[in-house]
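As structure tokens, the structure follows; a few thoughts come after it.
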């Protein structure tokens, strides 16, 4: 027995030290950066239409009178000077495409209709063919449709509309594939850090799209250069991804043996902890899941946040043009502000939340409720402030409120996002898919509702839109504060369920022995 122990110790000592996560030789860091670049590419190709739209479209063609006259008939007459300057043909704002506001809303929402088609089978595709191939196809779809945008937009509205739906097919399979790749490459003790890194690609894309698109519109090539630039970046990612990415660590030919051993030990240990699920495959408790108050709160928060995010990514440049009369350069800068706040705050809030929970200052449930309250009520306060106090005479106030929105928005990561991954660990894939469905519904609803309200681009119409978004966020925040949870729910406690086969199939119920030991096991398991 002593010999066996000493031999095991020698084996452990013989295992070489893997490169640190942030080492330049860390293959898992390379994968994380490629995933961040993937998010950057897809989000930039999806959202660049928001800034480009103000450069593409003749905004006054479908108004019964010039847009500026319409605005001034309702709004602060102090804006007269700004409006007179805006009536001149500013560089980049003199678009020639004739699309009504309703047609523009159709283009913004079309992408998400395509995503609804592929979102449900996307997880199966990733498992069946590997996330590397699926992500390659998704970004290729994005890049081709983006590069074709100038041609299709000028040829026929419905041809461009169809291309947006086709692009959405890639939208639906992208996030589940990234999640699958993350599970294959990042150990549990590094997964939160890597998730914060690669999801930062979303905010970096929104920032870059706003700043660079506004300036590209002012060049001699005009708005088509926006789509050529970001479509070209997508093609560059495809080359890097094809040669540098692998589905699993063992597939890599340029990865150190020490890192392979480390990842195999960490990931195999994780999967061995789930072996009981292979022995006892419990059916998904759909009824309990869909009627669970914490789950309902999570889905409503997902809807509210996607509604606000789509509104900002797609319509903020139009708001700044119609209400604040900003030139293109300032428009791009102002549009980037909330996303700069997000990329900073989500990492800071996540670190604070984890630190407080590890120190025992707050429980998991208190943590997700507090940070979700910051997110929902902070964003709502910013939206109400914009709707109430901002006009063309108060651009500095608009800047501060946009920063407040972005900083508050980051609380959603340690808030409802963390809750969604905590209430039912055994059904995380199902919960994420449900969350994506509700997010897609919000992505469709936002352009539709805004298109119905914003017919003339008046400050009063924009105020209604911001008040509506604030109301959605407040409703979601109130429900989450009341019933949100950071703990595993009873209906998801499959590790303590016992499967009994009967004539009509399988039924799962907790054994008496398991029920008696539930309390003493729960603390230890959560510490692991």
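Cβ from N, Cα, C; glycine included.
Given the structure is predicted, the values throughout are model-derived calculations rather than measurements.
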Annotated stretch (transmembrane segment, per TrEMBL) among the listed ranges 106-126, 253-273, 274-294, 484-504: 106-126
Correct range for transmembrane segment (source TrEMBL, candidates 29-47, 48-66): 29-47
Considering the transmembrane segment (295-312), which listed stretch of 29-47, 106-126, 157-175, 195-214, 462-483 counts the most C-beta pairs under 8 Å: 462-483
Maximum Cβ pairs under 8 Å to the transmembrane segment (226-245) - stretch from the list 29-47, 332-349, 429-450, 462-483: 29-47
Contact between the transmembrane segment (106-126) and the transmembrane segment (429-450) (3 or more Cβ pairs under 8 Å, separation 6+): yes
Leading stretch by Cβ pairs under 8 Å, where the reference is the transmembrane segment (396-417) and the options are 332-349, 429-450, 462-483: 332-349
Segment confidence, the domain 'Major facilitator superfamily (MFS) profile' (34-488), expressed as mean pLDDT: 86
